[in-house]
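Q: This is the structure I want to talk about, given as structure tokens.
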Amino acid sequence: MTETSFPGWHGTTIIGVKKNGKVVVAGDGQVSLGQTVIKGTARKVRRLTPGGHDVVAGFAGSTADAFTLLERLEAKLEATPGQLQRAAVELAKDWRTDKYLQKLEAMLIVTDGSLLLVITGAGDVLEPEHDIAAIGSGGNFALAAARGLMEADFDAETIARKAMQIAADICVYTNGNLTVEAIDA
């Protein structure tokens, strides 16, 4: 997702990498309006602890919309403790069918350490191939870089950081100011 319906607002880059029993979610800190960087230190990766179960979530798209979705996800996780996939599917169903939520423009990458999922407003809950998920304006660059690095002797955090740096070097809507959260399987 590279833009919202608000003219000129551009997204971010978020990547999730799962390797050797660890999942890392990393996101850049840039918020842009047209050709102007509004903020370079936004935090778009969060750790949630509903019911004492750790979940890491990263978002791309409208910040207000993403926070609304994160609150809903947290409520779903509290209702179904330790069941990330079920909570994600319930959120996606609500997002797809609720008239208010349908207007929200964001995407999420979420993990509990065992599952790595992408949740979209189209009602998709996707577990990515190759244990890598990437969203946002630089998502394809980060995904390609991470796939190339997976066979090397790097851990999940190193792969995520290197992939994000490559995306930041290519995508003008992505910077190198990263927020990184790791979670064990």
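Cβ from N, Cα, C; glycine included.
Sharing the record's features from Swiss-Prot:
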ACT_SITE  Thr12  active site
BINDING   Ala168, Cys171, Thr174  Na(+) binding site
Q: Once the DSSP letters are reduced so that anything not helix or strand counts as coil, what is Ala168 (Na(+) binding site)?
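A: The residue in question, Ala168 (Na(+) binding site), is helix (DSSP, three-state).
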Q: If you measure Ala168 (Na(+) binding site) to Thr12 (active site) at Cα, how many Å is it?
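A: Taking the Cα atoms only, Ala168 (Na(+) binding site) lies 10 Å from Thr12 (active site).
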Q: What are the non-local neighbours of Thr12 (active site), defined as same-chain residues 6+ apart in sequence with CB under 8 A from its CB?
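A: Listed in sequence order: Gly27, Asp28, Gln30, Val31, Ala42, Lys44, Ala60, Gly136, Ser137, Gly138, Tyr173, Thr174.
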Q: Using Cβ atoms only, which residues of the same chain lie under 8 Å from Cys171 (Na(+) binding site) while being at least 6 residues apart in sequence?
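A: Looking at Cβ-Cβ distances below 8 Å from Cys171 (Na(+) binding site), excluding near sequence neighbours, one finds Thr13, Ser137, Gly138, Phe141.
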Q: Determine the most Cβ-crowded residue among the binding-site residues Ala168, Thr174, using a 10 Å radius around each Cβ and all protein chains in the structure.
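A: That would be Thr174, with the most Cβ atoms nearby.
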